[in-house]
Amino acid sequence: MVLPTVLILLLSWAAGLGGQYGNPLNKYIRHYEGLSYNVDSLHQKHQRAKRAVSHEDQFLLLDFHAHGRQFNLRMKRDTSLFSDEFKVETSNKVLDYDTSHIYTGHIYGEEGSFSHGSVIDGRFEGFIKTRGGTFYIEPAERYIKDRILPFHSVIYHEDDINYPHKYGPQGGCADHSVFERMRKYQMTGVEEGARAHPEKHAASSGPELLRKKRTTLAERNTCQLYIQTDHLFFKYYGTREAVIAQISSHVKAIDTIYQTTDFSGIRNISFMVKRIRINTTSDEKDPTNPFRFPNIGVEKFLELNSEQNHDDYCLAYVFTDRDFDDGVLGLAWVGAPSGSSGGICEKSKLYSDGKKKSLNTGIITVQNYGSHVPPKVSHITFAHEVGHNFGSPHDSGTECTPGESKNLGQKENGNYIMYARATSGDKLNNNKFSLCSIRNISQVLEKKRNNCFVESGQPICGNGMVEQGEECDCGYSDQCKDDCCFDANQPEGKKCKLKPGKQCSPSQGPCCTAQCAFKSKSEKCRDDSDCAKEGICNGFTALCPASDPKPNFTDCNRHTQVCINGQCAGSICEKYDLEECTCASSDGKDDKELCHVCCMKKMAPSTCASTGSLQWSKQFSGRTITLQPGSPCNDFRGYCDVFMRCRLVDADGPLARLKKAIFSPQLYENIAEWIVAHWWAVLLMGIALIMLMAGFIKICSVHTPSSNPKLPPPKPLPGTLKRRRPPQPIQQPPRQRPRESYQMGHMRR
């Protein structure tokens, strides 16, 4: 009796652990752990690092334990991702934006480690590369929104990511027909003047100048990016800081891959963000916003990006949160050394449809079949699409697709970045370029990088960000609007410094007035949100302090959730000491309830019912609370649409659903049960069918021709038109002589 009891206790204990250490975050992440370090302490360290003067204070330290090991992060502000002309625009305005929340670092004492991310409201979000693989850290409420959590962030390993078919049907960025249409279109570009053959102008400069140009080219290894985000991307991440952090994370991820690749002698290829355009939710109805429409196909979305002039950039991308057809996560124009347009450094030109377009473009989405993909997936997608821009088609052949090899040793290493179909992401080759890709990319780099690549270097005064060695940064003379800071056109030693007698500059933060003084303690610097109070200046810094949280269990997210520690992360059920549950169809619930918020008593799954049911009428006053469109439903087997119907997620498409409907065993069981219960109806239907067929044969037989000559001819069908024949002239038969006359005459002869 003791042994079964012990086993039951062990199973219960294991099940309790599963809630935190075994449950997936979504269909792409199998395993995670929670992080609960002190966010207030990290926020204070972040503020101190921003104001740091001494070398030691410039570092941000973060220690925590997860996945059976200790992480001792030592990070410093990262300014290498933004060019000297960096701008952030939104709603037709240039913002004085500070990127001091972007950090790069390493694990203290672990050689070869690397970390990159952002610190927003005292929480680190990003990735950490270790000897044992890469870990990813994200806010917990991005995945878990239905209960109180003992942690604020989640951390998971790259091996625990289930990769979707991230490049669409048959594993491609789009199907073959789309690629073929794009290739043919790229051939129709019309070159303009000297731009058509820049190599001729280089050749005419003489051997001495050409040698100098090659020397200069050795350092021109940086591709400058223009990245736009549409209103849906902003809506998902919520703030400009979070959007900038996502862009920084993607650029840093591909920068790491390309910098460590030797493209036939061309090394240290890097990326810098030159300009960012953020379309906020207020731009959704702006007629000048080309991405304002909700239903845009992936090809049209790329075309809208290409219709803008991107001559000032190496590449121009748009990030969105759209669920494109066939699960496509990215699309880009493929570059070529010559013969067709498209790819890096491509200039705007006229094409066969009479439109001017820039084909140095691509698009990325973070949504796939109704779910948001992990950062690792979109990072690889970004690297793959940029690989197309750099001139690499999909890998093919035994040399460059080792994952298809019959040799187990080669197969174990997996396929490369430009492989046409989805990879597991955890193989040795998954984050590398194949020899085929390197050869193709090297040819394009040799031919085109002279046209737009720049020398790499640290960002300088004039980009609107207060960086190391700067007191302020209001931009260049045509951008600087405050009287507190010397603009970037001033002489060295003076530019990006506070003017004499000035306390601060608005470029340092929102708590500095236009009169160059700190705002008083009572002035607001941040609007309140569902779960956080408005930000109030402290009177001694230009930065806006962190907002105080609103009381726990305050309604948020349209009364579907409650606030927990300043985050809209709890279920509305918790407000009434209940637990949220799923109204799944397997529980015999009405299909209409699948998109309702459902609650149950703690530890009593049998009490699970909709908030609009009689069972919970006292708590919710008969009010039915519905899930937000896009929320998972039916035990994560589908998602709610805008009509509050649970749509099952089926990656196989409508044909597979039709096949399941026709060949479902349940269908035939139901038919058999009905026949047994209503045998008399089946008998009547059989007799009626026989009589119908007999009558049909009897009626139609009199009109059917027969080869039997003894049967009467067929009757014409009623309403049949008869063809009239024209009257024929009556011919007289020839006269014949009487037989006697004939014989007599014959006899006379």
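Here the Cβ of each residue, glycine as well, is placed from N, Cα and C on the backbone.
Taken from Swiss-Prot, the feature topological domain 'Extracellular' applies to 20-673.
What Swiss-Prot records for 171-178 is motif 'Cysteine switch'.
Marked as N-linked glycosylation site by Swiss-Prot on the basis of sequence analysis: Asn268 (among others). For Asn268 (N-linked glycosylation site), the count of additional Cβ atoms within 10 Å of its Cβ stands at 15 [all protein chains shown].
Taken from Swiss-Prot, the feature N-linked glycosylation site covers Asn279 (among others). Sequence-distant contacts of Asn279 (N-linked glycosylation site), defined by Cβ-Cβ distance under 8 angstroms and a gap of at least six in the same chain, are Thr90, Gln228, Thr229, Asp230, His231, Phe233, Phe234, Asp286, Asn289, Phe291, Arg292.
For Glu385, the entry in Swiss-Prot reads active site, with the evidence type experimental evidence.
For Asn440 (among others), the entry in Swiss-Prot reads N-linked glycosylation site, with the evidence type sequence analysis. Around Asn440 (N-linked glycosylation site), a 10 Å sphere centred on its CB holds 24 further CB atoms from the protein chains shown.
What Swiss-Prot records for 458-552 is domain 'Disintegrin'.
For Asn552 (among others), the entry in Swiss-Prot reads N-linked glycosylation site, with the evidence type sequence analysis. For Asn552 (N-linked glycosylation site), other Cβ atoms within 10 Å of its Cβ number 15. Asn552 (N-linked glycosylation site) falls outside any helix or strand according to DSSP and counts as coil.
According to Swiss-Prot, the feature transmembrane segment maps to 674-694, an assignment based on sequence analysis.
Among the features that Swiss-Prot reports, topological domain 'Cytoplasmic' is placed at 695-749.
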Can you give me the average pLDDT across the topological domain 'Extracellular' (20-673), rounded to a whole number?
83
Asn268 (N-linked glycosylation site) to Asn440 (N-linked glycosylation site) - Cα separation in whole Å
17
Reported as an integer number of Å, what is the Cα distance between Glu385 (active site) and Asn440 (N-linked glycosylation site)?
14
